[in-house]
Structures are given as C-alpha cells and as structure tokens.
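Taken straight from TrEMBL:
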type	residues	note
DOMAIN	4-142	domain 'Aspartate/ornithine carbamoyltransferase carbamoyl-P binding'
BINDING	Arg102, His129, Pro130, Cys131, Gln132, Cys265, Leu266, Arg293	carbamoyl phosphate binding site
DOMAIN	149-304	domain 'Aspartate/ornithine carbamoyltransferase Asp/Orn-binding'
BINDING	Asn161, Asp225, Ser229, Met230	L-ornithine binding site
Amino acid sequence: MTTRHFLRDDDLTPQEQSDVLDLAAEMKANRFGHSPLAGPRSVAVFFDKASLRTRLSFEAGIAELGGQPIIVDTQNTHFGRGESLADAGRVVSRYVAAMVYRTHGDERLAELASGVDVPVINALSDGYHPCQLLADLLTIREKLGSTQGKVLAYVGDAANNMAHSYLLAGATAGMHVRVAGPSGFDPAPAVVGRASEIAAWTGGSVEVLRDPREAVDGAHVVATDTWTSMGQEEDGKDRLTPFRPYQINSTLLAKAAPEAIVLHCLPAHRGEEITDEVMDGPQSVVFDEAENRLHAQKALLTWLLAVNGK
Ligand code: CP
Ligand code: NVA
C-alpha cells in the first residue's frame, strides 16, 4: 500500500479535506476524548526553521492524543547533513508513528517521505503551509458557516508559501480565491494551474490580480502574511516599498463585505502588512485561527494514522 502523506494542500481531495475539518470541529468540542496515539506512540517533529505556533500546537496536540512528541531542532543533528534525508527517514520511521517536518525546499520533504511507511506532514516549506490552511478553513467554517462559494482575498507576497496554500486549499474547499501582490511576486504558474483545475471540480475559482482593492472588493475573507518569509531576509529584494499598497488597513478592509473576517497566520509585523487597528479590530479572528492549528493538526494526524492503517 502506498503511504499517504500531507506535503501539499492538494494531497487531500475535497471530500477528505472536508472530513478532516469535520473531525477537527468534533475534536475541538471534545478536546480530550480521542487517544489514537495511546501507548504512548511517538511523533517526531523536526524544525529546520524557527517556530512558535507550529511547535507548540503539535507538541500539545500529540500529547492530547495520548502520544509522546519528540521535538527536534535539526541544527544539532545529522538530519539532512551528511546522512541523506531518505536514510534518516527510514531510521526515524522505525521509532515513531508519524513525522512532521518544517524545512526549506519541498524536495527535502519529498526525500524524507520517500520509502517510509509512516505519514509525513509538511509543517511549512518554502512552497506551502498546508497545516495552516486547515486551521484557516476551520476558522472560516466557524465564523461564516461554510467555505463553499465564499470569496477569499489574499494580498501581499503572492509568491510565498501562504499564497500557494490559499490557492490550493481554498480551491479544494470550493472557495473563490483571489491573490494579489506586486509585480515580481506572483504565484508559481504551476500552482495556479493546479488550483484552477481543482476549482473546476469544486465550483470555486482562482484569480491572480495586481490591484489589492480589486482583490478585496466584496470579499468574505481577507488574508495576508509577512512580506519577508523565513529564508528571504537576505535575498536582495525590496520587500517594503512595492508592498505598501497591499497593507491591510481600515481603508482597504472597507472594500470587503461588511461581515468579512481577517486572517493572518502570524507572526504579524504590525505596521507593515497589517495595522494595529485591523489586527485588534472586530473583524480580526487571528487568535481563533492560531488556536485552530491545534485542533486541525490533531484531526489531520488522527485521519492520516487511520487511512494508513496505523
Ligand atoms: N503560523 C505559523 O506557522 O507560526 P509559527 O512560525 O510560529 O509556527
Ligand atoms: N510565509 C511565512 C509564514 C510564517 C508562518 C514564512 O514562511 O516565514
């Protein structure tokens, strides 16, 4: 049997994504009622990049599922240095029920997952942040009732991992996804193509725009992210001036639907991609969104263990 992993948002079909979100809502309502990792079985969580939310929500979530989290900051290990990631994965898979990995290039996740019979979860890569999107979609369901047919506008760095995940996961959830960023910061064409293909099955749609006001116009969900992702600090690009018009402030937010909610995966750079007024305002649901990382990832782990017969 081929092992099912969660390396990109489109590793879940629309039905599977919906099932994981249903389970997440159930687990949120009955927080300590599920123990698929009882034993305890262990889950290894590897970080090549910094984290607060992902690290703590996985650590707490694995414990809440009756398991033992093993959190590894990879700087002091052989992980991916000297020893190949494929070999490291084969070793670690003998110890744990699942692996979670935050890294740089997506090829590193693919290599780790190659040849292992336990599920591997992407905890953020240069290309995608699919666990964040499960939390975002859960939040949208809670606040707006459903995702189907809702307009989601993501403005800012439209070339980054969050933009790609909004395109893929939003399309999978039947949303109308609009992304807008400055010239030179557009999403990868292959991701836009794949998201459009998915949207054609789900009744959603995908648009890549330049004008942030056009993107936000009438939107039900307005989202942004840092203009400088981890690893881009020294890439020589001006990551402030071209982005200024994409700031989520009260003027831009006024273009959205009156009931619109504001998402930000955090950490936020207040005064850059989002103002204090919006971040702390009545439409912001960013702290519920952060909480939902915990519930969504518990559901994802539970679902992946079950589907892989573990
Ligand atoms: N949103 C998110 O992934 O946050 P961390 O980088 O703190 O894990
Ligand atoms: N795009 C950001 C998301 C952080 C959660 C980054 O990759 O740094």
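Glycine too: its Cβ is placed from the backbone N, Cα and C atoms.
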Binding-site residues near His129 (carbamoyl phosphate binding site) (Cα-Cα within 10 Å), from Asn161, Asp225, Ser229, Met230: Asn161
Chain-internal residues, separated by at least six, CB under 8 A from Asn161 (L-ornithine binding site): Leu124, Ser125, Asp126, Gly127, Tyr128, His129, Ser229
CB contacts for Gln132 (carbamoyl phosphate binding site) [other CB atoms within 10 A, all chains]: 29
Conformational class of Arg102 (carbamoyl phosphate binding site) under the three-state DSSP mapping: strand
Contacting binding-site residues for ligand 1, chosen from Arg102, Asn161, Leu266 when the Cβ sits under 6 angstroms of any of its atoms: Leu266
Nonlocal neighbours by CB distance (under 8 Å) for Met230 (L-ornithine binding site), same chain, sequence gap 6 or more: Lys49, Ala50
Those binding-site residues, out of Arg102, Pro130, Cys131, Gln132, Cys265, that come within 10 angstroms of Asp225 (L-ornithine binding site) at the Cα: Cys265
Among the L-ornithine-binding set Asn161, Asp225, Ser229, Met230, as the record gives it, the longest Cα-Cα distance in Å: 12
Check: same-chain CB within 8 A of L-ornithine site center, minus Asn161, Asp225, Ser229, Met230: Leu124, Asp126, His129, Asp157, Asn160, Met162, Thr226, Gln232
Binding-site residues close to ligand 2 - of Pro130, Ser229, Met230, only those whose C-beta is under 6 Å away: Ser229, Met230
